[in-house]
Amino acid sequence: MTAETPVKDENIVWHQHTVDKQFRAELKKQKPAVLWFTGLSGAGKSTVAGALENRLAELGYHTYLLDGDNVRHGLCSDLGFSEQDRRENIRRIGELAKLMADAGLIVLSAFISPHRAERQLVRDLLPEGEFIEVFVNASLEVCEGRDPKGLYKKARAGEIPNFTGIDSEYQAPINPEIDLPAGEKSVEELVELCLNELKQRRVIS
């Protein structure tokens, strides 16, 4: 199933609200940001993002975690896994993350998002410095060895076509804001690396 290309109407104009992004952020005592977790299936994107959200919640910050599987149950349930649908999936999530950041939230997005162009598309939606690319850096060998959902086994058997890392390319980030050595450190250590970066960027205090 393929989504139709949206058509822009010149009669539709942006309505500026009185309560703006800065006001919402000040209420929450935090700086809006979109942390975009990217990496191969099984690298630990959702695990690290979830653990980070737990820590941020404990510290009193306002967050929302967007998970690749979860959004396909609703917002992107009409999309398949063709290249066109995968691009549309990321475009929709990028727009949603932008709205959530506008609400003053710290957004954690965990998606394979294999192509640099699609990640750049999301980056370009946001003000400079608000998009934080987090590369959950684990090798194909490590991810396939974990295979928590049995997807690599199915892909190797030809049951899942166009599976990222097997018969579909994953383009690793060239210069991510955060590079997490997910094959070497514990989840707790990776969370600390993220927290330190957020403090340096004054997203949190």
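We number each residue from 1, going along the chain as drawn.
Note that Cβ sites are derived from N, Cα and C of the backbone, with glycine treated the same way.
Feature list (source: Swiss-Prot):
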BINDING   Gly39, Leu40, Ser41, Gly42, Ala43, Gly44, Lys45, Ser46  ATP binding site
ACT_SITE  Ser113  active site, phosphoserine intermediate
Can you tell which of Ser41, Ser46, Ser113 has the most other C-beta atoms within 10 Å, given these are the recorded positions? Ser113
Cα-Cα distance linking Ser113 (active site, phosphoserine intermediate) and Gly39 (ATP binding site), given in Å to the nearest integer: 8
What other residues of this chain sit with their CB within 8 A of the center of the CB atoms of Gly39, Leu40, Ser41, Gly42, Ala43, Gly44, Lys45, Ser46, the recorded ATP site? Thr47, Ile112, Val136, Ala138, Cys143, Ala182
Around the Cβ of Leu40 (ATP binding site), other Cβ atoms within 10 Å, all chains included, total 25
Near Lys45 (ATP binding site), which residues of its own chain have a C-beta under 8 A away, given they sit six or more steps off in sequence? Phe37, Thr38, Gly39, Gly68, Ala110, Phe111, Ile112, Val136
Would you mind checking how many other C-beta atoms are within 10 angstroms of the C-beta on Ala43 (ATP binding site)? 27
Other CB atoms, at most 10 A from the CB of Gly44 (ATP binding site): 25
